[in-house]
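What follows is a set of notes on a single structure, which appears directly below.
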Amino acid sequence: MLHSTWSPSYADRRAPATPADVDAAVELLRGHRVLAITGAGISTDSGIPDYRGPDAVPRSPMTYQQFVADPGFRRHYWARNHVGWHHMRATRPNDGHRALARLEQAGVVSGVITQNVDRLHQAAGARNVVDLHGHYDEVICLDCGRVISRRELDARLTALNPDFLDTLDVADVEVAPDADAVIERTAHFRVASCEACGGVLKPNIVYFGENVPRERVARAYEMVDDATAILTAGTSLAVQSGLRLVRRAARDGKPVVIVNRGVTRGDEHATMRLNAGTSETLTRLAETLAP
Ligand SMILES: [Zn+2]
């Protein structure tokens with residue numbers, strides 16, 4: 001079950017990684033089939049804030065139980081999501097996403113498992129991608145299981161709330177990695193229900209308190225087992241869904257390189273840790289391993 005109360009218990013006193021540190025990581029990964037595991041930190045350079053990063057403001061993410069139990073909560077959620085989605089769909093991949101796609105094309109990276117829901121790896125051209133926590137661009141009916149595109153739902157939400165987006169100041173909106181934007185004025189927002197059965201619609205995203213679908217977990221483990229090394233980028237590995245993949249690889253004796261600003265929950269499994277941003281580090285890896 002997706003759940004985490006983890007936060008670093010000690011400060012990260014490491015100096016930022018030097019070019020020599022990055023070159024050492026290159027040499028460690030050279031010749032391997034590398035599986036990349038990514039998190040919110042890889043998308044911050046695309047303008048999507050990382051709410052777990054070292055500079056993040058603590059906030060409590062919505063739980064699945066809150067969403068299911070409380071219609072008022074759902075109204076508030078969908079109002080925020082309506083704004084967040086319009087921001088999210090305008091975001092573009094950055095150098096980190098592009099570097100991983102290039103490494104995949106060169107056969108260095110075997111695939112990407114991401115905890116992000118933003119689809120930016122695919123937008124950058126990556127092909128073998130598992131969106132561990134789902135996708136922001138799909139919506140599922142909790143009653144009949146029908147999946148529709150978020151774009152299709154947007155047309156309905158906009159028709160139900162024609163002036164909603166116009167009445168907001170940009171300052172009212174804070175966009176978080178789950179396409180969840182913080183707004184105060186949501187009380188009159190009108191929520192759409194499933195057109196097939198009238199049921200409750202939910203973004204096709206795995207929330208706290210919810211399980212990652214079994215077949216998706218199995219696919220992720222297959223990718224770990226198929227790789228000979230792991231590269232994590234922009235994730236503190238705070239939730240089990242990502243951490244357990246790193247544990248599995250480390251248990252099997254595979255090298256694990258962690259690229260992240262700040263400490264991570266997986267540090268004890270790391271062969272090498274780089275205190276570094278993902279865009280510049282992954283670009284350097286791609287320049288060297290996939291010239
Ligand atoms: Zn339905």
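Each residue, glycine too, has its Cβ placed from N, Cα and C.
Feature annotation from TrEMBL assigns active site, proton acceptor to HIS133. The 10 Å shell around the Cβ of HIS133 (active site, proton acceptor) contains 24 further Cβ atoms across the protein chains shown.
Within 10 Å of the C-beta of SER43 (NAD(+) binding site) there are 27 other C-beta atoms, taking all protein chains into account. According to TrEMBL, the feature NAD(+) binding site maps to 39-59, 115-118, 234-236, 260-262, THR278.
Listed in sequence order, VAL147, CYS194, ALA196, CYS197, GLY199, VAL200, LEU201, LYS202 are the same-chain residues at least 6 apart in sequence whose CB falls under 8 Å from the CB of CYS141 (Zn(2+) binding site). The Zn(2+) binding site annotation in TrEMBL covers CYS141, CYS144, CYS194, CYS197.
Among the features that TrEMBL reports, domain 'Deacetylase sirtuin-type' is placed at 15-291.
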Shortest C-alpha distance to HIS133 (active site, proton acceptor) - which of the binding-site residues GLY39, SER43, GLY47, CYS144, ASN260: GLY39
Model confidence over the domain 'Deacetylase sirtuin-type' (15-291) (mean pLDDT, whole number): 90
Listed in sequence order, residues not in CYS141, CYS144, CYS194, CYS197 with Cβ within 8 Å of the centre of the Zn(2+) site Cβ atoms: LEU142, ASP143, GLY145, ARG146, SER193, GLU195, ALA196, GLY198, GLY199, LEU201
All-chain count of other Cβ atoms within 10 Å of ASN260 (NAD(+) binding site): 28
